[in-house]
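This report concerns only the one structure given below.
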Amino acid sequence: MEITLFDPIDAHLHVREDALLKAVLRYSSEPFSAAVIMPNLSKPLIDTPTTLEYEEEILKNSSNFKPLMSLYFNDGLTLEELQRAQEKGIRFLKLYPKGMTTNAQNGTSDLLGEKTLEILENAQKLGFILCIHAEQAGFCLDKEFLCHSVLETFALSFPKLKIIIEHLSDWRSIALIEKHTNLYATLTLHHISMTLDDLLGGSLNPHCFCKPLIKTKKDQERLLSLALKAHPKISFGSDSAPHFVSKKHSASIPAGIFSAPILLPALCELFEKHNALENLQAFISDNAKKIYTLDNLPNKKARLSKKPFIVPTHTICLNEKIAILRGGETLSWNLQEIA
């Protein structure tokens, strides 16, 4: 059995920087046609020049791959700065509530403040797409749910602004995207295939720790059903986020799952298991093209076959290991060719 996926798109990707970028980028740039690149670096991408500099670093270390750049939402995003970004082809803003995830210490503290709303108004006028890490302070399993009032306010206040709920993780959020025409979402491999049991049901597995948390069986099943039917308001976004094993085994574990090396084989396995392979093309590419109005992307064909693939346990950077999701396991699908 074989399947060919055309122009795979990752609508949420972390490729880090410097040596780590060089070590992990190929896992995404080779099989994927394009990816929405996250701006929460150690020095956040808060303006056009730093974003373009980072884009150039990605382009120098890849080929036939389109990084779709995003700006880190901050008070310095004046109308003039947004216009400058737009002129350079930057179409995405990423809003991080302060302290909610990795490198979000510079995030937005007042989500409904006057400055935030002013920036969103300008973003709407210019046709930007708002991507949001939709969590609010509160009990860890309710953080996304607690952000619903903010999401509703955004959706109603800015009806022409496309708003993406990144890495949807709570089944209660599904009603929001079905209620509001301008609300969309991305889904990760880990949120549609894993639960809290994978993180802490046996021994604590730090390599399954991410934000937002993987949640209950009910959440996983409801989100998986969206993916399997390629819900038209949902696109695939891996949120692949590599960390060194030494950090993952420390007393203060950073959030992030490095899934990039297994994405296409694991998705094929999952969709085949549920008799939904015919919908994988829409989930992995077609929906994103429509939602984000993407065209002129590099042409890619990823051919996969139903042959065993033993997942490497890790990759190496600077003599340090980076653990790969499902490392050591055997997947039933294998990436055979990229053209």
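Keep in mind that glycine also has a Cβ here, set from the backbone N, Cα and C atoms.
Annotation source Swiss-Prot lists active site at Asp239, citing sequence analysis. Positions annotated as Zn(2+) 1 binding site by Swiss-Prot: His12, His14, Lys94, Asp239. Annotated substrate binding site per Swiss-Prot: His14, Val15, Arg16, Asn40, His133, His243, Ala255, in sequence order. If you look up Swiss-Prot, you'll see Lys94, His133, His167 marked as Zn(2+) 2 binding site. Under the heading N6-carboxylysine, Swiss-Prot lists Lys94.
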Item to check | Largest inter-residue Cα distance among His14, Val15, Arg16, Asn40, His133, His243, Ala255 [record-listed substrate binders, Å] | outcome: 19
Item to check | the residue listed as 'active site' and His12 (Zn(2+) 1 binding site), distance between Cα atoms, whole Å | outcome: 5
Checklist entry - Nearest to His167 (Zn(2+) 2 binding site) in three-dimensional space, by Cα, is which of the binding-site residues His14, Arg16, His133? => result His133
Item to check | His12, His14, Lys94, Asp239 excluded, remaining Cβ within 8 Å of their centroid (Zn(2+) 1) | outcome: Leu13, Val36, Met38, Asn40, Cys131, Glu166, His167, Gly237, Ser238, Ala241
Next on the checklist: List the binding-site residues among His14, Arg16, Asn40, Lys94, His133, Ala255 whose C-alpha is within 10 Å of the C-alpha of the residue listed as 'active site', in sequence order, or say none.
Outcome noted: His14
Next on the checklist: Tell me the coarse DSSP state (helix, strand, coil) of Lys94 (Zn(2+) 1 binding site).
Outcome noted: strand
Next on the checklist: Roughly how many Å lie between the Cα atoms of Lys94 (Zn(2+) 1 binding site) and Ala255 (substrate binding site), rounded to a whole value?
Outcome noted: 18
Next on the checklist: Around the Zn(2+) 2 site formed by Lys94, His133, His167, which additional residues qualify by having Cβ within 8 Å of the site's Cβ center?
Outcome noted: His12, Met38, Leu95, Tyr96, Thr101, Cys131, Ile132, Ala134, Glu166, Asp239
Checklist outcome for this item: Cα of His133 (substrate binding site) to Cα of His14 (Zn(2+) 1 binding site), in Å and rounded, measures 14
Checklist outcome for this item: Cα nearest His14 (Zn(2+) 1 binding site) among binding-site residues (Asn40, His243, Ala255) -> Asn40
Item to check | The one of His12, Arg16, His167 whose CB sees the fewest other CB atoms within 10 Å, among these binding-site residues | outcome: Arg16
